[in-house]
């Protein structure tokens with residue numbers, strides 16, 4: 001199974017479906033990533049704060065897959081925004097990953113109370129210029145954060161990785177991203193178990209119509225919206241199921257029905273609010 005890629009605003013390509021290792025224990029990470037690579041994943045998403053970059057690196061090294069065939073993302077943690085900390089942080093991440101360069105480096109959270117995310121973004125631009133990452137982006141950034149970093153630097157992030165699922169679609173952010181050619185990456189795309197997305201009528205109807213599981217129907221909804229998506233599992237059968245989403249298309253009516261699952265009041269949020277994370 002070959003995962004389609006989409007083109008970022010800097011000209012680089014990114015596989016539209018990847019494997020995220022959030023909450024994968026460090027001791028289990030190498031085997032989990034090895035299995036994901038065996039199944040066919042080529043896009044791996046980690047972060048410094050996850051504590052499992054070394055396992056990702058070990059899996060990459062053991063895989064025998066050419067580096068050019070992989071897309072590796074990691075992230076700058078909140079306490080590394082000041083001074084030259086971003087440069088030190090990416091050096092540490094690269095050492096743990098046993099790589100010379102990542103494909104995408106993200107500012108993990110804006111932490112607006114510290115008021116240093118503009119500086120962090122300026123440093124990210126320098127890291128890209130130095131060849132330590134091919135693309136740069138952000139995660140969990142709201143529209144005011146995005147507008148501020150773009151106004152300060154003139155550089156638009158390639159991606160914004162945000163919590164996004166049918167019950168919480170963050171349309172203000174996705175509309176802004178579409179207007180500025182920023183690709184959205186969905187984390188928690190299946191609702192993280194807080195919502196019975198798989199029992200919702202629009203999802204079950206779409207799944208039944210195409211002979212797919214509810215999870216596959218939700219993932220297909222993300223993909224047809226143009227989002228990059230990271231379903232997470234450590235079970236091989238689920239890894240395979242999550243990858244088997246490129247042989248069907250939801251109808252416009254099915255997409256509209258899933259769109260309507262968001263009540264629009266923000267109640268679908270599972271994670272912390274970006275303005276409150278420090």
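Any Cβ shown, glycine's included, is placed from N, Cα and C.
Look at Swiss-Prot and you will find 50 tagged as active site, proton donor, backed by experimental evidence. Under the heading substrate binding site, Swiss-Prot lists 108. Taken from Swiss-Prot, the feature NADP(+) binding site applies to 188-242, supported by experimental evidence. Annotation source Swiss-Prot lists region 'Disordered' at 259-278.
Annotated features, which come from Swiss-Prot, shown on the structure.
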{"residue": "50", "record": "active site, proton donor", "Cβ neighbours (10 Å)": "22"}
{"residue": "108", "record": "substrate binding site", "Cβ neighbours (10 Å)": "23"}
{"residue": "188", "record": "NADP(+) binding site", "Cβ neighbours (10 Å)": "21"}
{"residue": "195", "record": "NADP(+) binding site", "Cβ neighbours (10 Å)": "18"}
{"residue": "202", "record": "NADP(+) binding site", "Cβ neighbours (10 Å)": "23"}
{"residue": "209", "record": "NADP(+) binding site", "Cβ neighbours (10 Å)": "13"}
{"residue": "216", "record": "NADP(+) binding site", "Cβ neighbours (10 Å)": "22"}
{"residue": "223", "record": "NADP(+) binding site", "Cβ neighbours (10 Å)": "22"}
{"residue": "230", "record": "NADP(+) binding site", "Cβ neighbours (10 Å)": "23"}
{"residue": "237", "record": "NADP(+) binding site", "Cβ neighbours (10 Å)": "9"}
Integer Å distance between the CA atoms belonging to the residue listed as 'substrate binding site' and residue 216 (NADP(+) binding site): 27
Within-chain partners of the region 'Disordered' (259-278) [C-beta distance under 8 Å, separation at least 6 from its ends]: 78, 109-114, 140-142, 145, 163, 165-169, 171, 188, 191-192, 194-195, 197, 200, 202-203
Collapsed DSSP category at residue 237 (NADP(+) binding site): helix
Whole-number Å value for how far residue 50 (active site, proton donor) lies from residue 237 (NADP(+) binding site) (Cα to Cα): 24
Helix, strand and coil residues within the region 'Disordered' (259-278) as assigned by DSSP: 4 helix, 0 strand, 16 coil
Rounded to the nearest Å - Cα separation of the residue listed as 'substrate binding site' and the residue listed as 'active site, proton donor': 11
